[in-house]
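A.B. asks: Got these off TrEMBL a minute ago, pasting:
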DOMAIN    1-152  domain 'N-acetyltransferase'
BINDING   Val83, Gly84, Val85, Arg91, Gln92, Gly93, Val94, Leu95, Ser96, Ser119, Glu120  acetyl-CoA binding site
ACT_SITE  Tyr124  active site, proton donor
REGION    149-187  region 'Disordered'
COMPBIAS  172-186  compositional bias 'Gly residues'
ACT_SITE  Phe431  active site, proton acceptor
Amino acid sequence: MQIRPTTTEKDFDVFVDTLHAAFGMFPETPVESGGLWWSALETDRCLLAETEDGRPVGTAATYSFELTLPGQALVPAPGVTAVGVLPSHRRQGVLSAMMRHQLTDLRAQGEFLSVLLASEATIYGRFGYGPATYTGHLQVPRHRSALATPRGVRGAPGTPAPDSATETATGTNGGTNGGAATGTNGGSVEVLSRTECGEILEEVYDGYRRAQPGALSRPHRWWAQRAGQPPISPAPRYVAVHRNADGAPDGYASYSIDSGTLTVDETITTDDAVFTALARFAIGHDLVTKVVFKHVPPEHPLRWQLVDFRAGEVSGAMDWLWVRLLDVPRALTARGWLTDGDLVLDVDDPFLGEHDRYLLTVRDGKADCAPTDRQPDLSLDIRDLGSLYLGGTTPSTLVRAGHIRPHHPQATPLADTLFRTERPPHCLHWF
Ligand SMILES: CC(=O)SCCNC(=O)CCNC(=O)[C@H](O)C(C)(C)COP(=O)(O)OP(=O)(O)OC[C@H]1O[C@@H](n2cnc3c(N)ncnc32)[C@H](O)[C@@H]1OP(=O)(O)O
């Protein structure tokens, strides 16, 4: 078997056909307006696995994303995608060979991490990827969706504007028919059809992802090609756009209504008060019995804002972004840190056949990380370091799961304190 990059248009067509066959799908008929999920693929970042006689049997590719780390550092993050092996050639090591080839290439290109979304959670751990962000849907029956008055803090996130009605099951920003509804702190909410949004969504998303640890960039080609999931795709959607008091868009929620259920695809903002205003808008809809907020991170404040805590039902809770570290010192020094401390990590990377020990030293929010022969505080697999990296899970959870081995009683609380982040990571970009 050989693995090679696609270099010609014909190669890329073969790649797309092989990928579809691997997923048991039929290649969609291309349309001029784009909208095909694979139309954002970067043709110079695709790999084909072929048998000795030149028959294509496997595919893998990467997107060139930027990932936001704790401390709001923006770093390059190849996003592994389009992984498929023909059903006739599975469990013969084709994926393993492609993963090895791809990780070696990425390292040679100077990348220090890569990310992916896993079709099945059992596939990628062996290649050193660990689940690093989590997501779920928050479903609220509208008749139990009243939001509580913020307790004791004037002007806190979610405080209704002075001229709004108080919180009720119909919310404060009701009205869906094109008019501007009251937002927060003098802002407003306006309903636009997806096609009326112009560049607004791209710009608001870009501001959001730069501030949100775990978020990925959505390169312009995604919006231009209308590739991906709503609201990027051409699927019809309404969009509630929140504008600040100066009229500048600072948040949006894209949504659709079907059989009495209003489903919000994504609520994008860096401002909790704007999120609340958009949530009030969604639950303020007449003729709706249920509101589903998709892609809400665990521990989201919205659940705590409900008068009836039990009204918020979490479903579809799952891993989202998986992280693979390719260069531990560069990765650990790239992110921000909240607390000073020293930690010795003994890191095993069975897939790449490496085993190294590092001293992580954090001072004033910045880390230094260098090989050491000091006694380790923790021993862990590279996949578990990937899971800790963005702060989405704690070392103590993985110690309790039996995956991380502490070498003394202070090691786990020390690591918990050190890896803590200012905000839980979250990613909602599908690729
Ligand atoms: C980032 C993304 O693109 S996610 C999309 C992934 N693609 C799909 O889900 C499409 C459908 N599935 C496929 O195309 C293939 O089954 C793949 C790509 C998942 C696996 O390809 P294969 O060539 O069969 O994998 P390979 O033979 O290298 O397997 C390596 C190991 O992973 C295991 N493995 C492979 N696929 C799976 C799976 N779906 N579930 C559990 N274990 C798996 C194998 O058993 C093997 O284990 P071993 O090393 O202990 O023997």
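Backbone N, Cα and C define each Cβ position, glycine as well.
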A.B. asks: Given Val83 (acetyl-CoA binding site) and the residue listed as 'active site, proton donor', what distance in Å do their CA atoms have, once rounded to a whole number?
C.D. replies: 11
A.B. asks: Would you kindly give the Cα-Cα distance separating Phe431 (active site, proton acceptor) and Glu120 (acetyl-CoA binding site), rounded to the nearest Å?
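C.D. replies: The separation of the Cα atoms works out to 14 Å.
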A.B. asks: Among Val83, Gly84, Val85, Arg91, Gln92, Gly93, Val94, Leu95, Ser96, Ser119, Glu120, which the record lists as binding acetyl-CoA, how far apart in Å are the two most distant Cα atoms?
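C.D. replies: That value is 19 Å for the farthest Cα pair.
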A.B. asks: Give me the long-range Cβ neighbours of Gln92 (acetyl-CoA binding site): same chain, 6+ apart, Cβ under 8 Å, in sequence order.
C.D. replies: none
A.B. asks: Do me a favour and check the Cα-Cα span between Tyr124 (active site, proton donor) and Val94 (acetyl-CoA binding site); whole Å is fine.
C.D. replies: 14
A.B. asks: Give the number of CB atoms, excluding that of Ser96 (acetyl-CoA binding site) itself, located within 10 Å of its CB.
C.D. replies: 12
A.B. asks: Around the C-beta of Phe431 (active site, proton acceptor), how many further C-beta atoms are within 10 angstroms, looking at every protein chain?
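C.D. replies: A count of 23.
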A.B. asks: With the Cβ under 6 Å from ligand 1 as the test, give me the qualifying entries from the recorded positions Val85, Val94, Glu120, Tyr124, Phe431.
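C.D. replies: The qualifying recorded positions are Val85, Val94, Glu120.
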A.B. asks: Report the mean pLDDT of the predicted model across the domain 'N-acetyltransferase' (1-152), rounded to a whole number.
C.D. replies: 93
A.B. asks: Is Glu120 (acetyl-CoA binding site) helix, strand or coil when read with DSSP?
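C.D. replies: Glu120 (acetyl-CoA binding site) sits in coil per DSSP, no helix or strand.
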A.B. asks: Across all the protein chains here, work out how many other Cβ atoms are within 10 Å of the Cβ of Val83 (acetyl-CoA binding site).
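C.D. replies: Excluding its own Cβ, Val83 (acetyl-CoA binding site) sees 22 Cβ atoms within 10 Å.
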